[in-house]
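Colleague: Sharing a structure here in structure tokens format.
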């Protein structure tokens with residue numbers, strides 16, 4: 001809201017600044033007053049990402065609110081141009097931090113199901129800020145001696161609210177806390193945000209998000225019921241149903257099943273349109289139509305992995321002891337424990353294993369905030385927790401032999417999701433490569449993203465073995481990590497969508513809206529009401545901003561329903577048509593009334609569709625597609641691209657107007673929008689409803705596909 005407020009206020013105040021400081025003949029200084037905040041935002045963005053990865057999201061947002069407050073006070077006092085320029089620079093620092101970090105913070109704290117809606121909120125509140133600011137400046141313009149210092153300086157009042165919110169109410173991002181090993185703090189934040197005590201599943205997910213996605217592979221499973229322990233064979237993973245005595249098993253599929261499983265790898269490589277990025281195809285396969293609610297398996301199985309294990313744990317309550325996360329913390333601090341000095345917040349493990357001789361240490365199940373091991377006839381460990389968006393997090397214990405012949409125990413984590421294909425089958429057995437799935441009931445097809453877990457097993461000389469984040473997982477970000485294939489692919493998408501947004505014409509259309517509407521006769525109508533040209537221009541801008549609000553409200557509703565990619569693909573064509581109509585209106589004389597009407601409709605349509613798609617989506621995408629360990633760094637790179645593009649467009653616009661005219665400018669913007677649509681269609685995946693950790697894994701898997709396709 002403060003960013004929108006500031007942008008609109010300087011647009012109105014600069015008219016009065018020019019008069020006081022006599023800048024009518026000095027366009028350089030005038031332009032510098034407006035652009036100084038842009039320069040400040042560009043400079044601070046260079047450092048904001050790495051700093052936020054180092055000291056946290058919350059301190060940087062507090063710093064942003066302080067900079068807003070200080071700049072407002074200095075602008076309110078500014079005795080000359082030089083002090084005003086300094087104040088605008090401080091203001092730019094605050095804007096740069098907010099624009100970079102707010103989408104990151106929202107994405108890291110919001111549930112996957114409403115992440116798009118909440119990340120569209122800044123666009124909505126920004127437009128509200130612009131509207132309120134225009135109304136304020138319009139009201140001041142009606143006075144005898146409008147004060148530009150009051151217009152600009154009043155910014156310090158809402159910035160006090162921002163400062164109070166960040167200091168008193170804003171928790172640190174739980175993902176950042178986990179990345180620093182501060183597990184207990186992250187747990188408390190998640191409990192407060194989610195409104196429940198049991199956040200073990202999500203906490204485990206955040207730890208897994210710290211691992212590298214470079215070794216991620218895609219595996220297919222057939223999941224179905226099992227009649228008993230004897231039906232679980234080697235290589236099968238046993239899951240437990242929501243009702244007592246009901247079991248479910250998952251069988252990895254290594255080939256073609258009897259009811260037509262298509263490997264995700266095959267479907268990616270053998271695309272009908274080879275120009276489409278494999279990442280787009282892979283994401284799209286998740287959002288394909290899922291089988292209907294017919295057959296209780298879908299409604300019973302996938303949404304209830306976590307509850308299955310909870311029920312199993314409940315059935316075993318009186319039979320086995322378990323450790324709670326906090327009680328384990330106390331146990332780890334025993335004086336005889338050589339690791340008692342290990343960082344306090346890492347003493348509380350995510351997963352624990354019992355060493356009791358009465359319990360085989362194989363199958364993991366979850367109860368409350370602890371995850372404990374239970375026997376599995378197949379000799380494998382498995383746990384499952386829901387992580388949002390229909391995804392489930394599972395672990396499987398693995399063993400490998402090192403160079404000395406010693407067995408090393410480890411864990412693989414699996415992000416599991418039901419396939420969109422119609423994979424239901426009834427019967428007592430189902431043939432799959434490597435064996436048969438036994439049991440009465442239905443079977444479903446699921447795909448999993450499998451990678452080495454970011455959890456490690458630590459062994460104490462005395463006491464139980466516990467699982468902790470690996471040392472590598474808690475290390476800080478490294479520049480070399482942005483050159484991993486998946487991260488590079490995500491950076492290409494993020495930087496590309498940001499630069500195309502800037503070149504799509506929003507600044508040009510916004511700047512010339514008063515002129516276009518003036519041609520439509522709105523200015524003449526307002527002047528007949530006794531308004532001066534400056535007041536009429538401000539009122540026109542306020543009305544234009546007000547028209548954006550319903551469109552943004554629609555976008556907020558659709559962002560998690562239709563999705564980011566779908567909104568871009570459906571709204572960019574309207575931008576193209578609107579710009580082409582503006583070109584025709586500037587080149588062809590169809591009569592003043594016709595030209596004015598068509599131009600007005602085109603401007604309104606352009607703004608409404610821009611704020612539904614190309615306005616909010618680039619920032620949303622950039623806050624979602626990068627791994628936790630380098631998210632701040634990559635966001636800073638994308639934000640820097642945004643500001644550089646903004647500078648190029650702002651300063652190239654007058655030159656383009658002189659050389660090719662207004663029609664040529666709008667024509668160039670239309671061409672860029674066509675390129676943007678092609679770029680989105682080929683390169684931008686659909687990320688709605690997916691956990692951030694799954695998104696980064698998908699980029700890693702998709703980045704490997706071109707190599708596979710060339711073999």
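Even glycines carry a Cβ here, placed using N, Cα and C.
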Colleague: From 659-682, 683-706, which range did TrEMBL mark with transmembrane segment?
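Modeller: It is 659-682 that TrEMBL annotates as transmembrane segment.
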Colleague: Can you say which of 4-22, 61-79 is given as transmembrane segment in TrEMBL?
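Modeller: Of 4-22, 61-79, TrEMBL gives transmembrane segment for 61-79.
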Colleague: Taking a Cβ cut-off under 8 Å, which residues six or more beyond the ends of the transmembrane segment (600-621) line up next to it in the same chain?
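Modeller: Same-chain residues near the transmembrane segment (600-621) but 6 or more away: 99, 103, 107, 115-116, 119-120, 122-123, 127, 493-494, 497-498, 501, 504-506, 509-510, 513, 516-517, 520, 522, 544, 547-548, 550-552, 554-555, 558-559, 564, 567-568, 570-572, 574-575, 577-579, 581-582, 585, 642, 676, 684, 687.
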Colleague: Within the same chain, where does the transmembrane segment (148-170) have neighbours whose Cβ lies under 8 angstroms from its own Cβ atoms, ignoring anything closer than 6 residues to its ends? I mean 6 or more beyond.
Modeller: 1-2, 5-6, 9-10, 12-14, 16-17, 20, 58, 61-62, 64-66, 68-69, 71-73, 75-78, 87, 91, 94, 136-137, 140
Colleague: When each of 61-79, 85-106, 118-142, 633-653 is checked against the transmembrane segment (31-49) for Cβ pairs under 8 Å, which one has the most?
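Modeller: Answer is 85-106, with the largest number of Cβ pairs below 8 Å.
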Colleague: Six or more residues out from either end of the transmembrane segment (118-142), which same-chain residues have a Cβ under 8 Å from its Cβ atoms?
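Modeller: Distant contacts of the transmembrane segment (118-142): 1-9, 12-13, 102-103, 106-107, 110, 150-151, 154, 532, 534-535, 538-539, 541-542, 545-546, 548-549, 552-553, 555-556, 559, 611, 615-616, 619-620, 623.
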